[in-house]
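Participant: The feature ATP binding site is assigned by TrEMBL to Gly163, Glu164, Ser165, Gly166, Ala167, Gly168, Lys169, Thr170. Feature annotation from TrEMBL assigns coiled coil to 913-1096, 1354-1454. If you look up TrEMBL, you'll see 616-627, 1133-1142 marked as compositional bias 'Basic and acidic residues'. The compositional bias 'Low complexity' annotation in TrEMBL covers 1116-1128. Taken from TrEMBL, the feature domain 'Myosin N-terminal SH3-like' applies to 8-60. Positions annotated as domain 'Myosin motor' by TrEMBL: 69-761. The annotation domain 'Dilute' is assigned in TrEMBL to 1550-1826. Feature annotation from TrEMBL assigns region 'Disordered' to 599-631, 1105-1142, 1167-1187. The region 'Actin-binding' annotation in TrEMBL covers 641-663.
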Amino acid sequence: MAASELYTKHARVWIPDTEEVWKSAELTKDYKQGDASLQLLLEDGANLGYKLDPKMTNLPYLRNPDILVGENDLTALSYLHEPAVLHNLKVRFIDSKLIYTYCGIVLVAINPYETLPIYGTDIINAYSGQNMGDMDPHIFAVAEEAYKQMARDERNQSIIVSGESGAGKTVSAKYAMRYFATVSGSASEANVEEKVLASNPIMEAIGNAKTTRNDNSSRFGKYIEIGFDSRYRIIGANMRTYLLEKSRVVFQADEERNYHIFYQLCASSHLPEFKTLRLSSANDFLYTRQGRSPVIDGVDDTKELCTTRNAFTLLGINESYQMGLFQVLAAILHLGNVEIKDKDADSSLIAPNNRHLTAFCELVGVTYQDMAQWLCHRKLKTATETYIKPLPRLQATNARDALSKHIYAKLFNWIVEHVNKALITNIKQHSFIGVLDIYGFETFEINSFEQFCINYANEKLQQQFNMHVFKLEQEEYMKEQIPWTLIDFYDNQPCINLIEAKMGILDLLDEECKMPKGSDDSWAQKLYNTHLKTCSLFQKPRMSNRAFIIQHFADKVEYQCEGFLEKNKDTVNEEQINVLKASKFDLLVELFQDELKATSPTGQVPGTGGRTRLSIKPDKSREASSKEHKKTVGCQFRNSLQMLMETLNATTPHYVRCIKPNDFKLAFSFDPKRAVQQLRACGVLETIRISAAGFPSRWTYQEFFSRYRVLMKQKDVLPDKKLTCKNVLEKLVQDQDKYQFGKTKIFFRAGQVAYLEKLRADKLRAACIRIQKTIRCWLARKKYLRMRRAAITIQRFTRGYQARCLAKFLRRTQAATIIQKYQRMYVERKRYRQKQAAALAMQTILRAYLARQKYTALLREHKAVIVQKHVRGWLARCWYKRCLYSIVYLQCCIRRMRARRELKKLKIEARSVEHFKKLNKGMENKIMQLQRKIDEQNKENRSVNERLAGLESSYTAESERMRGELNRLRGVEEEAKNKANQVTSLLEELEKVKKELKATQQEKKTIEDWAQTYRNEMEKMVSELKDQNGLLKKEKDDLNRLIQEQSQQMTEKMARAIAEETQQLVTDLNEERSRYQNLLTEHLRLEEKYDDLKEDIALSLNVSKPGHRRTDSTHSSNESEYTYNSEYTELEEGSRASEDVTRGIDTSLTLKLQKRLTELEQEKQSLRNELENKEEQYQRARARDDAEFKKARGAELEYESLKRQELESENKKLKHNLAELRQSLLGNAATGAGAPGSPAYNVLLDQLNASCEELEVRKEEVLILRSQLVSQKEAMTHKDEKETMTEPSVFVEDVSKLKDADEIKQAYVGLKDTNRSPRFMHKHLEVSDLLSRLRSAAPDFHKLNEDGELWLVNQGLKETIRLLEHQLQTQRRTYDSEVESLRGELQNVKEENNRQQQLLAQNLQLPPEARIEASLQHEITRLTNENLDLMEQLEKQDRTIRKLKKQLKVYSKRIGEMGAVQAEGQTSPGQMVDEPIHPVNIPRREKDFQGMLEYKKEDELKLVKNLILELKPRGVAVNLIPGLPAYILFMCLRHADYVNDDQKVRTLLTSTINSIKKILKKRGDDFETVSFWLSNTCRFLHCLKQYSGDEAFMKHNTQRQNEHCLSNFDLAEYRQVISDLAIQIYQQLIKCMENILQPMIVSGMLEHETIQGVSGVKPTGLRKRTSSIADEGTYTLDSILRQLSAFHSTMCQHGTDPELIKQVVKQQFYIIGAVTLNNLLLRKDMCSWSKGMQIRYNVSQLEEWLRDKGLMMCGAKETLEPLIQAAQLLQVKKKTDEDAEAICSMCHALTTAQIVKVLNLYTPVNEFEERVSVAFIRTIQTRLRDRCESPQLLMDTKMIYPVTFPFNPSSLALETIQIPSSLNLMFLTRV
């Protein structure tokens, strides 16, 4: 294929980069042949011109399509090259958090530096039994492949784990061993797998240390052979170690530590047992403080030491040996602290009494002087003499350190040896799996002898790896019959020859070590001279003469020669060793006892750090061993490595390459440079190169056809798919060298799959474009037509609407015109009338107004005139008065003036005569005038006198009158004076009253003001209160509503709480059931192992297995909780009898098994004891009630005795009267005294009347008592029915014991009279009680009376007394309870009163607003409490009502049954009168079949054999009634109970249980057999319950079935045993069903394409997976449905209980869902959108099956919910935050780990799907981090729901069952 076809525009390539190693780029221009450069666009948007070398084809690597990124197998990549490998690993590690990836046959494991939940038992179970390519890459998959190949090919296997320090080699090897231990188990009960795993903490403690690269770095290599027997169970293990880093004991670099064990001891130095070691902090010792990092974060050395000690104990190293080891280790620490000082230039010394040396000598048991001597001196031997040479301080220090290393190496070897002894076994090893945990290729700045040996080992392993890969490729080609072409691959044999060949590096090193004056420099010169010019792989550094460079397969490494010789020699001062050998410490002597003889077959000296014994090599002789002891470390390592390679070549290897992603131990951080370096070093890229050189891509014809069907035309598809693929490939790929056709596969060159994928994507893209074009055209046309039809419709409706609107407008216009006409007329008329009325009104008003105005004016004028008149008169008068006053004043003034003038004149005239004359003249006139006046006065006087006389007379009369009036007035005056006095006082009082009135008025005014203010305030307050009242009403309504809501919420909350509590109780019950059933399973498993062990012991001793013995069954059936404890007794006796014989085989296992059995029995017994305690509590409560009843009964008996005495006294009185009567009759017999009227006759008559009255009274009492006793009869019926079965025999015995006919007659008479009473009509127990009374007091009964009425009266009185006493006790209890309740209520009232007072006191201290709020809050609280109390009372009443309803139903049913019985059994009193006197007639049933089967004791084995052991379930299920064996066994059991044979009952039940177990053990894999016996066991259990006599089980029975109840034995404990047996059978059924379904589930639910064409097959790598295309023999979903239907029909045919069938179906669906989901979580290729659609379709088919079978409500659908949600998760959008929220709310049945795992594994099948971004996954994790759930990833497929067996009574009558002759049970007799 031309490059121009691949290097086109938009093609993506890889270009080298200094930082990221490889960088992705995209072509922006097509490449043409001869172009000098490529135009590239980098991911950061930068443009780059990539130059090409025209002489070399150096086109950049093409990038794989995105669909292939993240593949599980690197060989599935179309382009196989370094950048593709690196990118695929990075994507899987960083984005998907997947640390494992396949690279052909290699598993690449990247250390995540984080604990991942992918190594649990659930993961182990998921990978167990799976093909390696069917699951995602995992160390467990490699381990499973090795385990399967060992079993299938009968060939030993090896798992080679390699990598750098810190890459995770040790952890990977540990997980592989854990897988083998978990999957295979052990062949014995010695827990070998636990011991194998226990060796890990020991070896880590003594062989691991912290380095700069790893906190738990293995500083030695180890190869563990895990041995298996012929059944492929672990029987033991053997460990070989290589090249322990002894130098770490005495020296550690910065940030490193010594071996962990030293720090563990120092951290535990405070423990009492370690006080003698004299240890302290690790910083106090030289050997532990040099690295300056004594603590590892997150590691507790004290706890680690406890783990190490526990591992030692488990491996059989006791406490004394452990303390000895710790002493040696502590001695090494003390030895390192011994300070050696310079004595002079050539000698040294140790100070006397050095405390560390003293501690060392005391711990190892040597003398201080000897050790101090030989630490500073050395013995030299010559041929003739021996010299003691002092050592300089430096050499002495080196000798001390060498001794420390030597002791530690010896101790290491001793521990390894004893671990191997603990892991060894006597069982013959059939095969083994070796796990090699060896160091990877190492290169440091300074590389020494250790790195040289490590890289040498890796060269050998790489060669073996290359050869194996080459071999597999060749086998694959030959298998497919493809022409084999030689593939060129790197062969590192020259490098190996450089190291190990003759005159190689190791040879020259050994030769130099033998030289007396050999040195590192001389050895380096020999290397230069020998290899520098002859070998291209050997180079000399330019700047050094003491180093050399070797070109290894991975990289060039420069080694420093310094120290090579010393490390290769590994010399120790012999005298120091002799001192240690002379130690008094036994363990130290044991460490050095093999100093002169090599115990290792390979002659390995302590310097190798471990044993190298191989099972394929014989042991060498001691002579050879002594010679081998002189070998150097390099020689020994070469021999050990050679033997290791021989072992690996003899096995099938499996490779695990561990990669260290970064040097800083950061979690999920990927450094491309470091990763590429390690990939090159570990051979992964070489594997890729070898694969790419041939045909790396391989497809089956079916897969190719399914994937590339889109590239074929219809005419190209032929019936022969192989021919179809050939024709299509020839058309698609012109170069036939690019592919080859094999027998079953098509092989492609590198890049061809990418080319085909490109063609497929182009074809799909073109098809998509065409589909989109067509769809868009169809959608557009459909939209256009829809719019056109819509427009036409809119137009039609619009035009119609417009026409209707126009018509409506015209009608409205016409109507409006008419309306307007009438409206205008009406308006005008109304307006006219309004105007007219207004005018009239205005006129009226105006006229009235004018009239009123006129009247007002007139009235005003009139009034004004009057006013004017008066005013004018007043004014005139005033004016007149003023004028008159003025005139008079003026006259006076004038007259005064004139008088003054006249006086002045008179004075003047008086002085003159004239004046006198004038005066006299005037006087004369005056006298005349006066005379006239006098005359006139006289006349007037006369008239006045007359008048006066008249007046006198009138005056006299008037005076008289006046006198009288005066007298009266005087009286009045007196009165007035008195009144005046009173008036004065009254005035004073008035003044006071006025003052008071004034004050009162002021107060009134003040009060009125205050009242007004108060009224205003009150009005304001009232308004405010009204507002507040409104608010309070509103708040009250709100609060009422809130209270109602809270009440409703609380009701709902309580309901939810009750539901949750109920659910929790149900969960706890299910967990308890599950634990109990798991204990039963464990017990059964141990029992089976015990039986197998017993059989093995018997077979090994050639002794026949003893038969089953039974103990004497004289004890009760509750002697044990299992009926087969006798077998345990027998086995224990047998084990004790053969103890001496079997001790050599494995006595400890038997004892351990017995101990385990005892523990399990004790656990179960504790559970039983707990149940018994509950029952005892119930019994104690019941006994307490019985005691109270007995106490009341005692009082009744006392009262009865008093009443009996009273009756006896009355009887004596009657007897006395009768005697008197007889004497009187006898005394007067001769005289006729008995005649009427005689005294005797009168006495007799009186006594007779009294007796008659007494008799009538007694009869009335009897009638009353009878009516009362009838009501009590119902309550005692169920007691009486239990005792009726034993009454006939007692009745007969009582009758037989009567001595003579008189007694019988009396008894019969009493019985006859008693039977007349309704109380004794149907109560045989009272008859027997009567007989006992007759029998005990027979001589006295004839003295009572002949009819026995007094006795009846006595009995009636007794019953009355009992009834009254019972009522009294009931009333007393009721009274007590009421008193208690009243006291409680009183106390509550007191508390409420106190609380109210406190609340009131608190409220009074609050302001009004707070007071109101507090009172409201209190009211709310009170109402809430009352509401809760009412709710509780309501619930109690509901429960009481339900209980009473149930009791009412029971009582009504009983009354109905009793009524029927009474109707059948009642007889009239006349029927009993004429009966002859004969013994008591016992009523007997008809002679018919009683539902029992009788058999002889010797026929029991035959019964069990024919009915259980040899019964064919299919014939019984088809031809006979379901559960027939159970019915037959129960009928036999009923007869044994009927005859009261406890031995027969016990043996029958024991035989039945053991036989069922035997047949299940024999045919436990047959579903039909297990289902058949599960059904029959449940039916047998139901029969035991139904006919047990318990009221709870009898209420469903008919009367006839109740008569068949067991009468003599209570088999409740046997019911428990049979229930346990049913649980075991159920679990066996589930396991059998699981074994059948397990192979179908993954294929049918995941791999098979139920909807054809939805899923696409992606390219697969070397690890081929099962194709999703259904081939012949592949299971499909129909296979699962058919199998489920077969299960269901089988169980229905066997008559399995419907509830049990539901539980089985629920368990089936759980297994289907769990297995499917687990495989989905572990298979990246299954997590796609199309697969989600397939899963949902398959689940819908399962739900349809449930609907068809009517099992939708059995809970099976809910078990599929996690699988349904996982399928939905694959199909939903996974981009935005809304999608994340939807996923979180949808996937509630999935855990966070499962959701994240599915999202990480989601893989697009086509290029049109998108991957899930890392940011989205982190968003999901953030949203789900608050979930409280288990971190477990996988579902527990071994989980079995706890089974229950609901009681299911049978309506089948036992007497109707017929036994078919085909069962060969003729020896059974129907009874």
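Yeah, the Cβs are placed from backbone N, Cα and C, and that goes for glycine too.
Just so you know, TrEMBL annotations never went through curation; they're auto-generated.
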Participant: Run through the Cβ atoms and count how many others sit within 10 Å of the one on Gly168 (ATP binding site).
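Facilitator: Here the count is 25.
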Participant: With a radius of 8 angstroms around the mean position of the C-beta atoms of Gly163, Glu164, Ser165, Gly166, Ala167, Gly168, Lys169, Thr170, what other residues of the same chain does the ATP site pick up?
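Facilitator: Counting only non-site residues, the set is Asn111, Arg213, Asn214, Ser217, Ser218, Gly440, Cys658, Lys660.
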Participant: With DSSP as the reference, give the number of residues of the region 'Actin-binding' (641-663) in helix, strand and coil.
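Facilitator: In the region 'Actin-binding' (641-663), the DSSP-based counts are 9 helix, 8 strand, 6 coil.
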Participant: Taking the Cβ of each of the binding-site residues and counting other Cβ atoms inside 10 Å, which one has the highest number: Gly163, Gly166?
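Facilitator: The largest 10 Å Cβ neighbour count belongs to Gly163.
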Participant: For Ala167 (ATP binding site), what residues in its own chain, 6 or more apart in sequence, show a Cβ-Cβ distance under 8 Å?
Facilitator: Ala109, Asn111, Asn214, Gly440, Cys658, Ile659, Lys660, Gln678
Participant: DSSP says what for the domain 'Myosin N-terminal SH3-like' (8-60): how many helix, strand, coil residues?
Facilitator: 0 helix, 24 strand, 29 coil
Participant: Counting every protein chain present, what is the number of Cβ atoms, excluding its own, within 10 Å of the Cβ of Thr170 (ATP binding site)?
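Facilitator: I get 23 for this one.
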Participant: Relative to the Cβ of Ser165 (ATP binding site), which residues of the same chain, six or more apart in sequence, are found under 8 Å away?
Facilitator: Thr211, Arg213, Asn214, Ser217, Ser218, Tyr439, Gly440, Glu442, Lys660
